[in-house]
Amino acid sequence: MKLLRRRFFNSVNTITRPNRRHYATKYVAKVTSSSPSGRSLSAEVSLPNPLPADVRGYPLPRRHLICRATNLITGASNLSDAFSDLSDYLSSLSLSLTPDEASEILKSLNSPLLAVEFFKLVPSLCPYSQNDPFLYNRIILILSRSNLPDRFDRVRSILDSMVKSNVHGNISTVNILIGFFGNTEDLQMCLRLVKKWDLKMNSFTYKCLLQAYLRSRDYSKAFDVYCEIRRGGHKLDIFAYNMLLDALAKDEKACQVFEDMKKRHCRRDEYTYTIMIRTMGRIGKCDEAVGLFNEMITEGLTLNVVGYNTLMQVLAKGKMVDKAIQVFSRMVETGCRPNEYTYSLLLNLLVAEGQLVRLDGVVEISKRYMTQGIYSYLVRTLSKLGHVSEAHRLFCDMWSFPVKGERDSYMSMLESLCGAGKTIEAIEMLSKIHEKGVVTDTMMYNTVFSALGKLKQISHIHDLFEKMKKDGPSPDIFTYNILIASFGRVGEVDEAINIFEELERSDCKPDIISYNSLINCLGKNGDVDEAHVRFKEMQEKGLNPDVVTYSTLMECFGKTERVEMAYSLFEEMLVKGCQPNIVTYNILLDCLEKNGRTAEAVDLYSKMKQQGLTPDSITYTVLERLQSVSHGKSRIRRKNPITGWVVSPL
């Protein structure tokens, strides 16, 4: 029987040898006849269909097998179970994966970590994968595109395993590595691999290497690679050229590269010219930049908004107002819409060259592109630069727009009018803003209140405050604080107290600034005792006085020659951890000097120096008076110079 089996398998081998397959497969034979003695038999074997192959004879990947393997790996909850199921599945079919199929499975896995684990398993599933560079290329590419924090170390580990296993990569391996690594050391390692694997760099390899050096900002090596590309007769695409030009923007070498593009018949696009225009501007060659612009037009190219802005930035740097306006006019003619940055370049140029009167012409040129947003930007910018009349004129143009206005532009105009002292215009504007669909808010009212208070226009404050309470919006804590300070500034103490009491009855509650304003109002108008009462009141309400509170009240006591009270407040603020500033020391020094307490004033000055405060001009004025007293010099006492030392809380 053993002999029969041996003869049977020998006959099977004889039958199948001409079409031997490279993959382990089970064969089923059907016995068709046997000898009477049973010592020989005939069997019929049905060979499986051969694997489909491409035109070169390489087997095509079996898609159903790839999908099944991918589903087994990704569908399992446990990784070890997934790989075990895959191994069992392949064993049940007596199949092995081809390297291409393993590569496709790697590509189908959506997790880089899962791909790495499968890559480790591939040698046991695919006997011919050990020396396949394409499989290594696939896993390196997957890692290079991942966000794994240790992806660089993982790729280096794979390269080490390739070296140890004597696996030679191909030029695609090097290209992937160059595109992945970013530092010079790793790039040098890639070049060593080229020599080790006896590879020849192609145009794409040189392009990858050039871009890698540019990304790592190693511009000298990048230019060396470019020179090698020229010597080798390799070609670069427009993207690589533009990237190199942008990197060499501050270098004369950019001009050489630009000329090489023409010699090598690489068509220069609008981005190329934009880069070169910026380069000429950086090295101060404005005329050459204009020449490039004209050359670009001759070649039928059109700049986009970035290109036009770049050219106008160069012209602004060269103070070429006429040329900048000409370029702006052409920009509009070609249908390129200017943006805020375009207008900012022209506006700053006109302001710097004292030709702001030409702004109306610029606006007229781009009339069809003027929007509410552009008007708003110009109004805000002119207001910040202090050109109130021009801002107001543009604002009037903006007012004619039928669309809803922007709050920021109206706010900027209000601030400009108030800053220029045009409070009547500001009040009128405040009353008409709602016509443009902009709701007047508390900040707008506060801006106008603050300007009226500084100009002591109390009658307008009364009227506007009544209108605010009647029509809205509701006053906030800042409104009340501004009003208290404004009434105190003109000596209307009763009105300031009324506002403070109204604040207490409102939803807003007085804060430290409210009390500081009221204390300053009371003290400066002679009611020091009431100011002191308010000081105690704020402490009872849980508000901690700050340095402004103490300084204000100390100044009030100093003016009424109540030195002990002033000094007591100074000691109290130190105990409570409130650090005095230079204004506090100046007030107390002046108080002590005026009352002849020279020794205490000198001691106080020493404390001030120990605290690390720097004396100012007022400090030195008081010290000069102290020195003149110590030398017995007679002098005429001038008007109290301390008035106004304490800055308004607002």
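Note that the numbers count up from 1, one per residue, in the order the chain is shown.
Just so it is clear, glycine is given a Cβ too, placed from its N, Cα and C backbone atoms.
Feature annotation from Swiss-Prot assigns transit peptide to 1-23. Annotation source Swiss-Prot lists repeat 'PPR 1' at 132-169. What Swiss-Prot lists as repeat 'PPR 2' is 170-200. Annotation comment: Swiss-Prot describes 202-236 as repeat 'PPR 3'. Taken from Swiss-Prot, the feature repeat 'PPR 4' applies to 237-267. Positions annotated as repeat 'PPR 6' by Swiss-Prot: 304-338. Annotation comment: Swiss-Prot describes 339-369 as repeat 'PPR 7'. Under the heading repeat 'PPR 8', Swiss-Prot lists 371-405. The repeat 'PPR 9' annotation in Swiss-Prot covers 406-440. Taken from Swiss-Prot, the feature repeat 'PPR 10' applies to 441-475. Marked as repeat 'PPR 11' by Swiss-Prot: 476-510. As annotated by Swiss-Prot, repeat 'PPR 12' applies to 511-545. Residues annotated as repeat 'PPR 14' in Swiss-Prot: 581-615.
Within the model, the repeat 'PPR 8' (371-405) shows a mean pLDDT value of 78, rounded to a whole number. For the repeat 'PPR 4' (237-267), the list of distant contacts is 207, 210-211, 214, 217, 219, 222-223, 226, 230, 275-276, 278-279, 282-283: same-chain residues at least six beyond its ends, Cβ to Cβ under 8 Å. Proximity of distant same-chain residues to the repeat 'PPR 10' (441-475), defined by a Cβ-Cβ separation under 8 Å and at least 6 residues beyond the stretch ends, is recorded for 407, 410-411, 414-415, 418-419, 421, 423, 426-427, 430, 433, 482-483, 485-487, 489-490, 492, 506-508, 650. Residues of the repeat 'PPR 2' (170-200) grouped by DSSP class, helix first, strand second and coil last, total 23 helix, 0 strand, 8 coil.
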